[in-house]
Amino acid sequence: MPLRILVIEDNEANLELMRYLLTAFGHQVRLARNAELALPQISKDAFDGILCDIQLPGKSGYDIAKELNANPDLRAIPLLAVTALAMSGDRERIIEAGFKGYITKPIDPESFVSNIEALIHSLKPDSRLIPARLVSQNTETARIPPTLLVVDNQKVNLELACSLLCPLGFLVLTAENIQEAFLHLQNNLVDLILSDICMANGSGFDFIREVKSQAKYSKIPFIFLTSTQTNSVARTKGLALGANRFLFRPIDPEILLSEIQNTLNERGLLPPWPKY
């Protein structure tokens, strides 16, 4: 079912990219380049979700969040930050300000729409938007979806991962090689890495060595998922290099989800989706 989405962004290139991606998937998109143009639209139209930049001319995204959360009829709207902020503590500041979640810049065209759809559907109290005064306190509690980085040189495996994980509320970033993976790590706060082993321009073993050698990434949980290195020697090597799990394809989706959930729980990241 198409969603009605308001995009608040002052950068013309980002605004056009988000509009293009969302409308390509059938969603109805309204645009605003600042708070002064956005707030009247929010007051008179029923939006299923709002995507809002933080750094805006005049009132900031934080100011918009404050105004919406002060209005009982508007605070139930899923308000998502679209931001380049990726420093330690930024995620908590965004949620404390009243945003229900966030998407980081630069925008990943392959996963942007599925991530937005997953976030909005997980936050909406009903199939259509209803006033906040009719929503229980529990549904207003902000949840921070875990961000997963999936690394695999096979596009079909990346697509399968997105189709499995995004509907459950995960934010999914995809990379076909180590270089792309590190670009995502540099621009996003990643909660878990799911990686193949056999890739072009370096193996998964090379990747985990680099990840664990850098202090800012070394604590990110790491899961190997492979269909080629399925012997005990490879498993022992992967775990010795710091992997939390070493899984073999083919794998039952429920088992994979359980392993991901358990790994996140071990880190204290409670999942925003129901238990299976």
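Glycine residues also receive a Cβ, built from the backbone N, Cα and C atoms like all the rest.
Note: TrEMBL annotation is automatic and uncurated.
Some features that TrEMBL has for this protein:
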type    : residues : note
DOMAIN  : 4-120    : domain 'Response regulatory'
MOD_RES : ASP53    : 4-aspartylphosphate
DOMAIN  : 147-264  : domain 'Response regulatory'
MOD_RES : ASP196   : 4-aspartylphosphate
Quiz item: Which whole-number mean pLDDT does the model give the domain 'Response regulatory' (4-120)?
Solution: 89
Self-check item: Residues of the domain 'Response regulatory' (4-120) by DSSP state, where helix covers H, G and I
Solution: 48 helix, 24 strand, 45 coil
Exercise. Measuring Cα to Cα, tell me the gap between ASP53 (4-aspartylphosphate) and ASP196 (4-aspartylphosphate) in whole angstrom.
Key: 34
Quiz prompt | Helix-strand-coil residue split for the domain 'Response regulatory' (147-264), DSSP-based | solution = 55 helix, 23 strand, 40 coil
Practice problem: Give the number of CB atoms, excluding that of ASP196 (4-aspartylphosphate) itself, located within 10 Å of its CB. | Solution: 23
Exercise. Mind giving me a neighbour count for ASP53 (4-aspartylphosphate)? Other Cβ atoms within 10 Å of its Cβ, every protein chain shown.
Key: 23
